[in-house]
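Participant: Sharing the feature lines straight out of TrEMBL:
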- A:LYS78: active site, charge relay system (ACT_SITE)
- A:SER153: active site, charge relay system (ACT_SITE)
- A:SER177: active site, acyl-ester intermediate (ACT_SITE)
- A:28-467: domain 'Amidase' (DOMAIN)
Amino acid sequence: MSDLHDLTVAQLATKLKAREVSAVEAAHHFLARAKEHASLGAFLAQDEAVTLAQARAADARLARGDASPLLGVPVAHKDVFVTADFSTTAGSRMLQGYRSPFESTVTRKLSDSGMVCLGKLNCDEFAMGSANETSAYGQVRNPWDTTRVPGGSSGGSAAALAARLTPAATGTDTGGSIRQPSSFCNLTGIKPTYGRASRFGLIAYASSLDQAGPMARTAEDCALLLSALCGPDLDRDSTSLDVPAEDFSRALNDRLDGLRIGVPKEFISDGLAPDVRAAVDAALAELQKLGARLVEISLPRTELSIPVYYILSPAEASSNLARFDGVTFGHRAKDYTDLEDMYKKTRGEGFGDEVKRRIMTGTYVLSHGYYDAYYLQAQKVRRMIADDLQRAFQQCDVIAGPVAPTVARCIGECADDPLADYLADIYTLSASLAGLPAMSVPAGFGAHGMPVGLQLIGNYLQESKLLNVAHQLQQATDFHLRAPKGF
Amino acid sequence: MALTYDDIGRIAHLARLELNPEQSERMLTRLNDFFGIVETMCAVDTQGVEPLPHPYAAIQDVALRLRDDVASEPDAREANQRSAPAVEDGLYLVPRVVE
């Protein structure tokens, strides 16, 4: 059964339903692969007994003729979703060994759909990072070149998928954390409209931006997963949208004739590496062949999205991370003189450098005398950015462009220059600030044979349109089918 | 306006973070580098622009949804305290604050 890991979610589900393979066999296969490739650093927690118990339960449902589309298919979750059966750390020393008393809505919904959990995946600490270099539990390596980063913050999800250690994974995207690692690892990943997927049980980084979504190898697989994990969660998440769950696979096969694809001129800028530009241009040309029409549009405040995001997200993070004080859960410093000293030492020891930097930034911009100049100003410019996008959607149906300015960089390359990573988020931040659905789809390969992703941004609730465009591109190209050597 | 070493100490105190002198130095450099790019945002004319605290508010009015103030969760004290640093007789143990 050596080719089981090469199957897509849809293919594996078909085999499971036909009883050509059992959920237990599939679980064993992927658990063995995770062990074999443990040096990638993708998994943080696994429990064979729990996984196999879930697989046996899935097999029992299959035997009863249950036709749930994802029944028995393995999945692994980014370690920011709390899970009752596996520990949750958010990649932080602060939460080492933490076991949640409850289950996040997203993981519960996937579990209810019959998916079998393989474990928890490494990520940047509290999802703060663009390279999976800030996890307290070590670097994740990119299977396409293990000297390079997989992207972040959902880097463990991306590496595990690219290495065929799981057929599907969850991720979260605050400023691009599903799209950028998907691009760096030749995957398909979608961040739905803000509010589409529940944030209940998702360890918060920046609450007005965080959004859960699926990562897989094809648009078809992402559609299946998205259909299972989205939906209103009105009692548990005050930001959940009151929009009914839908079948995101319904438009996959629609033709692209007449589709207007807006290409922002600001995305094709001097900072874009020639190899990435070439791959993106080729993908756009392919979409034209499929009947789409390219329209030049302008998002004039693209560059401003960087300071706006890096003011707002730390502000929200500084508030969200105030709960990590060593009192009711998580790490507590051993030696202290009084309560305040305990807070300071606990937080000083428990958080990594990047998290401390963002807490400090957030605390400063929210502090007396600076709130208006930084935080309030950023919220106003955020509206201007969102308005620019709405104006753009009067000229086009979907926006397309690069995900990141370059292919995945080498590990440690930005160790002394975190600002360089911030600047590289330039193409993903606008959609995040506006809460729009956006995805990355494999578009080819650039320098050093590394993958390049095409970003697609849709208007609110237009996920099925994005998945349609991605699926049609994947019917015409084979980039998404290619695997890294040795995996 | 560049941050000073004293500012770092003040912010770290507000954030309840202990930083050693080397960390404070590094933090000062990094934050000042960062606020260099923030100046472009501060210069934008936002007169008359409403802030956008919730992304969906870009297309429609968003009111914070509230639920009735009734207990909805069962008693799960044991499960909740499973990850606590110190517990005794079902109570969280916290450091002494009054001598």
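Placed from the backbone N, Cα and C atoms, the Cβ positions cover glycine too.
Where the annotation comes from TrEMBL, it is an automatic prediction and has not been curated.
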Participant: Looking only at DSSP and grouping its letters into three states, which state does the residue listed as 'active site, acyl-ester intermediate' belong to?
Facilitator: coil
Participant: Under a three-state reading of DSSP, tell me whether A:LYS78 (active site, charge relay system) is helix, strand or coil.
Facilitator: strand
Participant: Can you tell me the CA-to-CA distance separating the residue listed as 'active site, acyl-ester intermediate' and A:LYS78 (active site, charge relay system), as a whole number of Å?
Facilitator: 11
Participant: Under DSSP, is A:SER153 (active site, charge relay system) part of a helix or a strand, or is it coil?
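Facilitator: In three-state terms, A:SER153 (active site, charge relay system) counts as coil.
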Participant: At a 10 Å cut-off from the C-beta of A:SER153 (active site, charge relay system), count the other C-beta atoms across all protein chains.
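Facilitator: Total other Cβ atoms inside 10 Å, all chains included: 35.
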Participant: Based on Cβ atoms within 10 Å, give me the single least packed residue among the active-site residues A:LYS78, A:SER177.
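Facilitator: Fewest other Cβ atoms within 10 Å, among the active-site residues A:LYS78, A:SER177, is found for A:LYS78.
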